[in-house]
Amino acid sequence: MILSDRDIKKYLEEGKLVIHPIDDPQKQIQPSSVDLRLGNSFLHFKVEGRAYIDPTQDSPQELMEIIEIEEGKPFFLRPGEFVLGTTIETVKLPDDLVARVDGRSSLGRLGIIVHATAGYVDPGFCGQITLELSNINRVPVALYPGMRICQISFYKLSSPAETPYYKKAGSKYHNQKGPTASRLNIDFCKKEEK
């Protein structure tokens, strides 16, 4: 069951679901989702001179540099470019909800992809949402910190998760702040230790 605006407001009022800060509830709360805003930090790959990235050998965190954008200034996402962004809002899900993050239609019509594959948010997750931003247009697109960039919708589980994200061993992205690079290399390190 997808939560309606009425249910989203109830979950927020009761503190079961946390989205902070919601700057303008009238604009951000939609009929069955909440619009989230773009933060001002971006992670950009420093891959010049590299033939490929090997997640078993490379630490993606070391391959990225942070770009901070001043308030009111645009970040230009070039054609074919891929960067990690973040939402301003921190989201905390209860154990009986999962969430789905999708791009806003208005940005999709400009060729902006908001997530490559990671649109699913586990029950019990807490943190800012990392966005996998890319531009499939043929011209750069200006993105402004503070603009509504994506929407998050919520799905009720048949029962609360037995092991929500915050209790799961190896939860790599719990309590993440800002754009967070892939931690896939940790999976390979754990296999080698066994």
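The chain as shown is numbered from 1 upward.
Backbone N, Cα and C define each Cβ position, glycine as well.
DCTP binds Arg104, Ser105, Ser106, Leu107, Gly108, Arg109, Asp122, Thr130, Leu131, Glu132, Gln151, Lys172, Gln176 as Swiss-Prot records it, and from the list Tyr144, Tyr165 the residue named for this site is Tyr165.
DSSP classifies Gln151 (dCTP binding site) as strand under the three-state reduction. Reduced to three states, the DSSP call for Gly119 (site 'Important for bifunctional activity') is coil. Arg104 (dCTP binding site) sits 13 Å from Gly119 (site 'Important for bifunctional activity'), taking the C-alpha atoms as the reference points.
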